[in-house]
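J.: This is the structure, below, for whatever I ask next.
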Amino acid sequence: MALPADNVTGAASGTPVPDAAAAAAPADGAPPTTSATPIKAVPVRYPGRWVTAAVVLLLVAMGAHGLVTNHRFRWDIVWKYLFTEPVLRGLWATVYLTFFAMLIGIVGGVLLAIMRQSPNPLLSGVSWVYTWFFRGTPVLLQLIFWGTIGALYPRIAVGIPFGPEFASADSNKLIPLIVAGILGLGLNEAAYMAEVVRAGISAVDEGQIEAAQALGMGRGLTMRRIVLPQAMKVIIPPTGNETISMLKTSSLVSIIAVIELTYSVQLIYARNYQTIPLLIVAAIWYLVLTSVLSVGQYFLERRYDPAVRRQAALVSVTYGSRDGSGGMA
């Protein structure tokens, strides 16, 4: 006769054998156990991404189709004038204007930022008024002013105020149109660069300046050796953007008859009436120059990036220099 399940004992030991329900039940005080059945994961779907990608792809395809099939773009005219001498002369003038205007802007911006930080109220006030004036008036208006400076000052003299003059010169000869364009762009840019540099200086920890002063370093030496090198990582990105913006803003000097890239193509299409192809020529060269500046900005930012510099120093310490000196065994 079969015995009940809860009375079954082991054949050898004689101890009762618990049934399956009793074995599965957790002991008193033990945490409940969960089943080991794997969870079926459902992938998250993003239908909006696919819809957006499809719309963008459709727009790109429509644009490419229009560029290829619309004969009014006159790509043959574009390639014909892309490397002509007048266009290349205008291209060189654009590079020339951008370089010297940014040189004036950066140097002037650093000086104005240092003046703004000065405890001398006269220097700080002059810097504030300069920034207020040049940021508050349109650059086009400033260019026209410099282009017509001869109407206001026929001669520019150097001397003692309300006293004798030491030297004078005709203003139109002293400030030709190309110089007027550089002055108009550069002096305006200095006002914006002053704020960029001031933001970079303010980003340096005050403890760095106090430590330099504790070592006996003067204000000027502290600015050159401690503050400005650390501020570069904050200053460089907006300075690169300002340079790219200056490259395109230089086209405004055509208002005072300076023949740069935009004005050179305007003179050409005024004769042959091929307006769209010549504007495309100018756009291509602006894109080329902007791309070159963007690449330069990228590497310059990496040069002053603290993380990149730490990584380079670690590699140098780990592997040593090329001549085999230094490094780990």
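Cβ coordinates are placed from backbone N, Cα and C, and glycine is handled just like the others.
What you are looking at is a predicted structure, and each value in this text was computed from that prediction instead of being measured.
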J.: Which is it, of 132-153, 176-197, that TrEMBL names as transmembrane segment?
T.: 132-153
J.: May I ask for the residues of the chain that lie six or more residues beyond the transmembrane segment (90-112) and have a Cβ under 8 Å from a Cβ within it?
T.: 127, 130-131, 178, 181-183, 185-197, 228, 239, 242-243, 246-247, 250-251, 253, 258-265, 285, 289
